[in-house]
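**Q** Take a look at this one; I'll ask things after.
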Amino acid sequence: SFLVPYLIMLFVEGMPLLYMELAVGQHMRQGSIGAWRTISPYLSGVGIASVVVSFFGTIYYNVINAWSFWYLFHSFQDPLPWSVCPLNGNHTGYEEECEKASSTQYFWYRKTLNISPSIQETGGVQWEPALCLILAWLMVYLCILRGTESTGKIEQLANPKTWVNAATQIFFSLGLGFGSLIAFASYNEPSSNCQKHAITVSLINSSTSIFASIVTFSIYGFKATFNYESCLNKVILLLTNSFDLEDGSVTASNLEQVKDYLASTDPSRYSEVFPLIKNCSLESELDTAVQGTGLAFIVYTEAIKNMEVSQLWSVLYFFMLLVLGIGSMLGNTAAILTPLTDSKLITSHLPKEAISGLLCLISCAVGLVFTMEAGNYWFDIFNEYAATLSLLLIVLVETIALCYVYGLRRFENELQAMTGRALNWYWKAMWACVSPLLIIGLLLFYLSDYILTGTLQYQAWDATQGQLVTKDYPAYALAVIGLLVASSTMCIPLVALGTFIMYRYKRGDTAPVA
């Protein structure tokens, strides 16, 4: 049910908008701020909004690399530390929290995050994840110093949120709206075939995403089946011991009949045991989908621990995550550094190395918030709200600005002169009509969904139950969410207004033109 919206979004949003941003960067030869200022002085805010979103991304995304380092370092242990539950303090059994959850969940929530019961209970900075975060930022800074040039179901279809999620996945995986594509394309030769690059990157990116989803759903099925069978075995063991039944007399196939028989023949004892009997359901296990960081650090580790030579696969997997994560970080930092280094005012006082160092230092200092006991809750806030709405709005303004402010025909002629290739009807139709109309529809769906949802909620870890529970965000968390969204989206109208006022009162009545 997700694949259909995903493929539609790929061809009507992802591929056309990727080509548009690559073409703008290659033609304007500047970062996001300078490129959109060239198109119109009123549009400088579009580039600034992209920089703000990218800055939010750099702050929280590198925490994933820190967690990858943490798991990578622990992957050399035998057995893997998340493969078994640790003993309790008395060495008479396993930790209660781990028994109620699972060994992979316990290692993630307790050993890695040491997570608090709610966002209100902030706790202190966890020094081990903090050191891993510092190491991750050091790696990013060293890579930056090398330079950019050398870095090589039907009801679900009717659910607007499915389409918003599909569009968001396309935007994030291709990097649309962050300004990184414009920054990287500004280093291209003017004659480069950016149309071919856009098509190739889009298809390869989506093919690998679809292949990864097949692997992911296979692991989901494995985990659900494993948990279901484990649940059945615990119930069978409980009934066998409680009623002194013969070993092997109770199986998964006759479990329900045995439960009915015991309830009718020995109701008093069965009523005592009944609260301890879990309701095992394969369907509920399949419906309990883990998303985001839980996918990488809970579901995949669940599969890895059951593989032969699990340490080797663990090292390879988390090294792969690090390579992907560092690559994504280089894109985000390039989206920030390119506009900054384009500014003669800044580069006249600070060399590029110092600018890069300050960016990494500030981002690392702010990112330490995510290593606190409540840090994962703040991570989820940034991951959920820092970019989704902002990216939709940024890309919408970009398409409207290029087609109706700068002029589609004008850009078409310049693009043909630059690359020697004419712009066909598909690209023009997507840029001028289909893509912006679809983005407007997605924005309306996105806003209406959150309005109808009411109070925003989050998933908190309950150690006593060994599972996630739903809680309402406190007022100050809602204020931070509003600030995250407003700080990027409001750059566009405020900068346009400021530009108008500046030209109006500092240069007479002459206003800037595109």
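Note that Cβ sites are derived from N, Cα and C of the backbone, with glycine treated the same way.
In case it's useful when we look at the structure, here is the feature table from TrEMBL:
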type	residues	note
TRANSMEM	6-24	transmembrane segment
TRANSMEM	45-73	transmembrane segment
TRANSMEM	127-145	transmembrane segment
TRANSMEM	166-187	transmembrane segment
BINDING	S173, N205, L324, S328	Na(+) binding site
TRANSMEM	315-337	transmembrane segment
TRANSMEM	385-408	transmembrane segment
TRANSMEM	429-453	transmembrane segment
TRANSMEM	473-497	transmembrane segment
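Help me understand the surroundings of these features in the structure.
**A** Long-range contacts of the transmembrane segment (127-145) within the same chain: residues 62-63, 65-67, 69-70, 73, 112-113, 151, 325-326, 329-330, 333, 337, 353, 356-357, 360-361, 363-364, 367-368, 370-371, each at least 6 residues beyond the stretch ends and with a Cβ under 8 Å from a Cβ of the stretch.
Here the transmembrane segment (166-187) has long-range neighbours at 2, 5-6, 8-10, 13-14, 17-18, 21-26, 28-32, 35, 47, 50-51, 53-54, 57, 148-149, 194, 201-202, 205-206, 209, 331-332, 334-339, 387-388, 390-392, 394-395, 398, 438-439, 442, meaning same-chain residues at least 6 beyond its ends whose C-beta is under 8 angstroms from one of its own.
Sequence-distant contacts of N205 (Na(+) binding site), defined by Cβ-Cβ distance under 8 angstroms and a gap of at least six in the same chain, are S173, L174.
Note on the transmembrane segment (385-408): residues 17, 20-21, 24, 36, 39-40, 43, 46, 49-50, 52-53, 56-57, 60, 164, 167-168, 171-172, 176-178, 428, 431-432, 435-436, 439-440, 442-443, 446-447, 481, 484-485, 488-489, 492, 514 of its chain, located 6 or more positions outside it, place their CB under 8 angstroms from a CB of the stretch.
Same-chain neighbours of the transmembrane segment (473-497): 42-46, 48-49, 52-53, 56, 119-120, 377, 381-382, 385-387, 389-390, 393-394, 397, 455-458, counting only residues six or more beyond its ends whose CB sits under 8 Å from a CB of the stretch.
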**Q** At a C-beta cut-off of under 8 Å, are there same-chain residues at least 6 beyond the transmembrane segment (6-24) that contact it? List them, or none.
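**A** Beyond its ends, the transmembrane segment (6-24) has Cβ neighbours at 35, 39, 163, 166-167, 169-171, 174, 176, 181-182, 185, 188, 194-195, 197-199, 201-202, 206, 210, 395, 398-399, 402, 411, 415, 426-427, 430-431, 434-435, 438-439.
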**Q** Are there residues at least 6 beyond the ends of the transmembrane segment (315-337) whose Cβ is under 8 Å from a Cβ of it, and what are they?
**A** 31-32, 50-51, 54-55, 57-58, 61-62, 64-65, 68-69, 71-72, 75-76, 136, 139-140, 143-144, 148, 151, 175, 178-180, 182-184, 296, 300, 304, 352, 355-356, 359-360
**Q** Of all the binding-site residues given, S173, S328, which has the fewest Cβ neighbours within 10 Å once its own Cβ is left out?
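**A** Checked S173, S328; of these binding-site residues, fewest Cβ neighbours within 10 Å: S173.
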**Q** Under 8 Å between C-beta atoms and at least six residues away from its ends: which parts of the chain pack against the transmembrane segment (45-73)?
**A** 31-37, 112, 128-129, 132-133, 135-137, 139-140, 177-180, 182, 293, 296-297, 301, 314-315, 318-319, 321-322, 325-326, 328-329, 332-333, 335-336, 339, 359, 363-364, 366-367, 370-371, 375, 379, 382-383, 386-387, 390-391, 393-394, 397-398, 401, 484, 487-489, 491-496
